[in-house]
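Structure first, commentary second.
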Amino acid sequence: MSGMWVHPGRTLIWALWVLAAVIKGPAADAPVRSTRLGWVRGKQTTVLGSTVPVNMFLGIPYAAPPLGPLRFKQPKPALPGNDFRNATSYPKLCFQDLEWLVSYQHVLKVRYPKLEASEDCLYLNIYAPAHADNGSNLPVMVWFPGGAFKMGSASSFDGSALAAYEDVLIVTTQYRLGIFGFFDTGDEHARGNWALLDQVAALTWVRDNIEFFGGDPRSVTIFGESAGAISVSSLILSPIANGLFHKAIMESGVAILPLLMRPPGDERKKDLQVLARICGCHASDSAALLQCLRAKPSEELMDISKKLTFSIPVIDDFFFPDEPVALLTQKAFNSVPSIIGVNNHECAFLLSTEFSEILGGSNRSLALYLVHTFLNIPTQYLHLVADHYFYNKHSPVEIRDSFLDLLGDVLFVVPGVVTARYHRDAGAPVYFYEFQHPPQCLNDTRPAFVKADHSDEIRFVFGGAFLKGDIVMFEGATEEEKLLSRKMMRYWANFARTGDPNGEGVPLWPAYTQSEQYLKLDLSVSVGQKLKEQEVEFWMNTIVP
């Protein structure tokens with residue numbers, strides 16, 4: 001720990017704590033680390049099938065609480081503490097609709113710790129092999145959770161299995177959500193994108209402190225799913241995140257996803273006027289509105305956010321200097337090795353709740369109406385969409401299946417493939433996958449026609465079948481599913497180590513070159529080429545010329 005900054009008086013605190021640990025006994029086994037902000041004590045766990053213990057450090061603050069005048073503001077660094085921090089319990093969730101969280105646990109057959117929500121929520125959890133200490137220089141994988149920027153937390157994911165099996169450090173993060181994470185006034189008073197700036201703050205903390213837990217700050221891989229993957233893709237595009245990470249994995253989400261960015265101008269002004277009226281601020285300008293909103297209770301703002309959309313990023317000329325497509329076209333982004341992937345039935349169930357009326361079957365007119373209203377496809381293009389997706393489809397089931405495929409193509413497959421091409425053409429190594437295996441444990445909770453739905457791959461990536469703590473990610477996995485999980489853990493960790501997912505014990509994963517080969521992740525892994533070539537061609541050259 002040579003060269004490490006230690007706050008005056010900490011040596012005495014440390015000595016007293018060690019003495020107490022010796023007297024009490026069990027605390028002597030607790031892992032202890034020093035950071036630039038103070039000492040932390042974690043706890044130890046094990047996972048199924050591995051003899052490697054894992055140190056867990058939970059609820060470590062990476063920024064100051066965004067309360068009072070710091071609400072709707074770029075996060076400030078966390079302050080050093082003189083006391084020993086007990087990092088053994090999960091942090092509170094960022095404000096979100098807790099009913100959604102309960103519902104998702106039932107639908108996905110997962111279980112999370114029961115936690116309260118708070119605006120004081122800028123914390124992260126660290127999972128490290130027990131042998132890791134300052135100087136170990138293990139690869140670091142920083143996870144950004146998904147949830148449409150409206151829900152999610154660091155404590156819905158357990159990195160113990162990945163840490164134990166693959167000898168890497170896992171950091172799970174959480175960031176402000178909804179109105180707390182994205183409110184903006186469209187001017188200098190509140191630029192917005194607070195959630196994305198929280199992520200930059202988390203990565204800055206990792207850069208400055210992860211070495212004390214055994215991680216290598218020069219080998220940081222950021223990864224996420226859905227909104228977490230959009231976050232990863234956005235961080236690649238942002239100049240203020242340059243140098244904070246070195247590899248990136250995007251699972252089912254990229255920054256050019258349609259409908260992602262809030263339109264500027266009159267629509268934003270209208271939203272602000274409605275917001276002022278609902279909350280009783282009656283503000284005459286954005287500075288006054290901001291002052292009024294900062295005085296409102298958290299619960300009141302949470303209720304307001306259910307009536308208005310404040311959960312999407314904006315072009316703020318700071319985090320996003322330009323539109324994502326423009327930045328990709330100009331090659332004005334951080335060109336790092338990347339894995340990009342999708343599931344083969346992204347919109348079949350979890351994301352189709354808005355279209356529940358068609359899950360039993362649909363007709364052509366209803367399907368085209370939904371394409372027009374939900375995806376904002378102009379009416380003059382609808383006949384082209386109909387010819388491509390619904391030609392010679394007559395039964396309600398056929399039309400439903402084509403409609404769900406269309407949604408997945410527009411929202412995930414085409415943006416993912418296009419982003420992979422931009423990254424490839426910028427000279428960075430790219431690897432693409434399509435996840436194809438529906439978890440068998442979900443057979444009785446969703447329709448039989450559903451294949452690999454949105455988020456299905458997460459339990460495999462995290463080795464959920466091998467966890468035995470209070471975060472349950474994969475109950476009832478078959479032996480074949482456990483083998484697939486081990487392969488995916490190895491691919492992801494190999495990539496974190498070297499920027500290449502290939503290595504001993506896993507089938508070859510070809511790079512995404514001009515031939516556009518990709519990996520089909522199923523119980524039997526294989527290689528495909530030009531994923532959905534005709535659909536990508538249709539949307540890129542016919543609808544978006």
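Using N, Cα and C of the backbone, Cβ positions are placed for all residues, glycine too.
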As recorded in Swiss-Prot, which of CYS94, CYS279 forms the disulphide with CYS121: CYS94
Same-chain residues at least 6 apart in sequence whose Cβ lies under 8 Å from ASN86 (N-linked glycosylation site): VAL40, ARG41
Mapped DSSP class for CYS292 (disulfide bond), helix or strand or coil: helix
Inter-residue C-alpha distance, HIS454 (active site, charge relay system) and GLU346 (active site, charge relay system) (nearest angstrom): 4
Other CB atoms, at most 10 A from the CB of GLU346 (active site, charge relay system): 30
Candidate nearest SER226 (active site, acyl-ester intermediate) in space, where candidates are the recorded positions CYS121, CYS281, GLU346, ASN363, ASN443 and distance is Cα-Cα: GLU346
